[in-house]
Amino acid sequence: MINIINAQSDKIVTLPGPNVEGIPETTNDPNNDFEKLLAYSLYFYEAQRSGILPPTNRVPWRHDSALNDGFNGFHEGVDLTGGYYDAGDYMKFTYPLSWTLTSISWGALEWFEGYELSGQTEYLYDMVKWGTDWLMKAHSLQTNDLYVQVGAENIDHSYWGSDLHIPLPRPAYKVGVMNHGTDVSSAAVAAFASASILFKEKFLNSTYSDELLLHAKTLYNFAEQGAWKLYSVSVPSVNDLYPSIDYQDKLVWAALWLYKATGEEIYFEKAKNYFNMFNLGYSTIVINWADQTSATYFLFVQLTNGEELLTWKLQAERYLDYMINPPLVPKSPCSYTTGGLLWCDGDSDVNSLNIPLNIAFVSLLYAPYATTSEKSSKYINFAQSQIMYVLGKNPMEMPYIVGISPKSPKNPHHAGAHGSTTNSLLLPVETTNIIYGAIVGGPSKMDIYIDDRTKYNSTEVALDYNAPWQGLMAHHVIYYKTNTSQTTGNGDDNNNNSNGQNDKNNNENKNEKSEIGVKTRTSGIIGITIGSTLLVLLSALIVWKRSLIVAWFNKRNKDKNGIEINSEHNVTSRPTSFLSHISRPNSVVIPVSRSNSVISGSNSRPNSGAGVDSFLSLFTA
């Protein structure tokens, strides 16, 4: 039995906010802060826009920019204006953008009501469409050329200024018939297909949905053709930026989203066939932009309505139990920091918050399907613990979201926000513009964060960092609103309805999946005597199942048909370049570490968007 948030005993101190259109006004509603957090995240994406900005632009320091993308450099000329700058610089990439759009669409499909309650549907629409409009520009229906990178690392990373003077040339790189990219093409298919569902089902824009679906089908045919190849082989320039480790998972991932978008069984059969062909079961790889192997388990569960217990549900639970219970797993690369952040060696060394948030995202998605109430509670509690950590329940009491608290990071690694006019990361000393809602990379394994923009491994912001956060906040808007209502109307009965696992109707009605923790399957049916007996049996079953999990790991075959998909196949074996989100060349001066005065974010410059002492009051200890 759990209760994520008790709105009666834990009054949320209202979250401060900028005077920006679309950010919900401060109210006494305890749900208001989650609504604001969702709105902040969408504002961050608006601050990442490239191209000609619309009249509705809310970011005063973002300008029309990169208006010749695709028309200059080394290619024949194609309109690649628009889209999103990937991180704190001015480069654009198809690979992480595709994952970002897919993740946000997935969360929006599950918890769309959270956007409605927050008044954010318009901004969600614009956010996704700004990305998919660019993806359609990047993909040719006639030739299946897919542009995967705009900008050159050595040129872009030598510049540190506003978007008004982005240096040229900005070459564009593509995959196509002569230089295949199975992985990036499949990733873009998933983005097209997932967004097509969102626009059709939630925004009732069938015309745009059909356009996206046409790109998805056409590009998937291309992805399956020819000799399968990593796009980093065809486009070596991405090797130090966004390399890929395999394409097998992407073929499954794309087919599943096409099946969800079309209902055509051929795509589901392709997904299953590829899954078995490549032996993608028993993965221990983290979920992020580079690999969706484990994410396929959760999408399989949803598409089969959780009915195939012996396949997808067990894969999903085995993965979650492996990732969030490292003490029970022999040789697990993961552990928890002293402050409670999930940490996976080799993966969390850079951008430490992204992995736990991605796993928190699938934990909440899967909770209604869990095989036991204990597992459901465990998955929800894990997700909540990671959310709490990000919001300030950590040893530094620092919310890792820019602009929401005096203790928020004030100097993210972001050229546009910094506002330098001298091409220097050092001047001005304090960041000029606040990029509200941006999640920074995160703290070290010692739970230490240094608010220094030169430390880009921890202070940079990026499209994929905020992607799972949007879904998590949309979920919380719904849950908190529902929980508050039930607490007010039902008193103590609310505690018996907050489990979230036992709602069988959630598995049968897609529109009710977002109400995790609202219903219970057996409340009022089983008597006290029988219930006590079942608790004893359940405890024995849990011990037995945990022993099976350990046995599975010990017995697992480490070489399946020559494809290394096992516990040894993780980022610890990846090249060093993979661990760095962006590698800055020496042409940009990186100073030595700052003094201890910047540790814990004790910057002397007050955050103009702040108004509370800490965000810890969001939750109970």
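Every residue, even glycine, has its Cβ placed from backbone N, Cα and C.
For ASP451, GLU460, the entry in TrEMBL reads active site. Summarising the annotation, TrEMBL assigns compositional bias 'Low complexity' to 485-504. Among the features that TrEMBL reports, compositional bias 'Basic and acidic residues' is placed at 505-515. According to TrEMBL, the domain 'Glycoside hydrolase family 9' annotation covers 34-472. Residues or ranges marked as region 'Disordered' by TrEMBL: 485-515.
Between the alpha carbons (Cα) of ASP451 (active site) and GLU460 (active site) lies a span of roughly 10 Å. Regional average pLDDT for the domain 'Glycoside hydrolase family 9' (34-472) in the model is 96.
Of all Cβ atoms in the protein chains displayed, 24 besides its own lie within 10 Å of the Cβ of GLU460 (active site). Of all the Cβ atoms in the protein chains shown, 24 others lie within 10 Å of the Cβ of ASP451 (active site).
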